[in-house]
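Data block below; observations after.
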Amino acid sequence: MQKIDRAILVALNHQTPYDVTKASIDELEELAKALEIKTVDKVIQTLSSIDPRYYIGSGKVQEIKGMVDVLNADMVIFDDTLSSSQIRNLEEILQVQILDRSFLILQIFALRAQTRQAILEVSLAQKLYLLPRLVGMGKSLSRQGGGSFNAKGPGETKLELDRRKLNDEIIQLTKELEVIKKERMISRQKRVKNNIPIVALVGYTNAGKSSLMNYLASHYGKDKTDVFEKDMLFATLDTKSKRIQKDNHQAFILTDTVGFISKLPPELVKSFESTLSDITSADLILHMVDGKQFSLLQLSLTKQVLEGLGCKDTPRILVVTKKDLGLPAPMIQDDYIQISSKTGEGIDDLYRMIDSMLYKDARIYKLLLPFDSGNLYQILKSNHTVLETSYQSEGIYTRVVLNPKDLHLFEKYILTSKNVN
């Protein structure tokens, strides 16, 4: 039977409300749990400034040393990113493995990665994290190699401790990801060329993004295969896109994206640049919020990440999930819609909101296409909402919903037009 690692979690309450720090260390416990690490105690210290040697105060370090012995802890995990010298100093005193929040998140990402792109992105993030910490993490990594904590990641082989080799690997991974980035850009440009708007599902990890994707795809999509959906942190690392079109409504591409979390390692944001670009290219963002565990902190964090990605002005809809649970509506100033991906409650209203925001300038046009007009009718069928079609001796009569930007191909065939609503 494999030994379960026991950890003491440590957070520093520094220029932050105590309840925010408490929520963060509780989240750290969930991260540890995802790696099958048992939390045996949690410590929060309030300090006016960070100790450059140990991150926390030296007196608190001695207190934790006593806790390590009493609780038989295998490791101490800090809720913020530590420097190499802090890791080294803490290890010398505590004589157990020292980890931080960033390390745990990277470990979980490594376990969840399935596609080649996700594996490359996580590997790059791990090496970027490890590079400045080679000296400080030496003992931790060697202890990891011989201990029970054996998730994939930094420390997997001793050769990775060679700085030059690590730099070479970072360069190689960056080159490989550049190729993938170009491929994704070409694919995205094709979608833009086809005039199909893109809607991105965005939100905290485990907020219900994949559940909504699966509901819409199963009811209104051609590709009805489910994306992976499970009650776990970071179930989705790879973006998935599906075409969605309800009867007599306009089509759009729905993209499921990687979940956010507080204190996301900057190395991860950098290496996942290609994946996160699916958000920046979206015409509309569905900001998903967990209705069961609603958190203003998570709501604020997601907004901050979106602003950091340059999406401040991208239209968005705030979607609160799990309406079927009958929980009180969240008391927030933002406008939002409540839905249930389990029962479908509220999703018709959400679809109408998506429609109105994506196609607010659209009109219904009646066209007469000559039979010799090439593939124009196929373009209409593939990329727009065709409401009616009839074949007459003079050509193809059709009623279709078009945005102003789509008119250039069809202007000379327009007979009449009217508002959508």
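Every residue gets a Cβ built from N, Cα and C, even glycine.
Bear in mind that TrEMBL entries carry predicted annotations, made automatically and left uncurated.
The coiled coil annotation in TrEMBL covers 156-183.
Here TrEMBL flags 197-362 as domain 'Hflx-type G'.
In three-state terms derived from DSSP, K209 (GTP binding site) belongs to a helical segment. What TrEMBL records for 203-210, 234-238, 256-259, 340-342 is GTP binding site.
According to TrEMBL, the feature Mg(2+) binding site maps to S210, T236.
When pLDDT is averaged over the domain 'Hflx-type G' (197-362), the result is 82.
S341 (GTP binding site) falls within neither a helix nor a strand when secondary structure is assigned with DSSP, and so counts as coil. Between the C-alpha atoms of V258 (GTP binding site) and S210 (Mg(2+) binding site), the distance comes to 10 Å.
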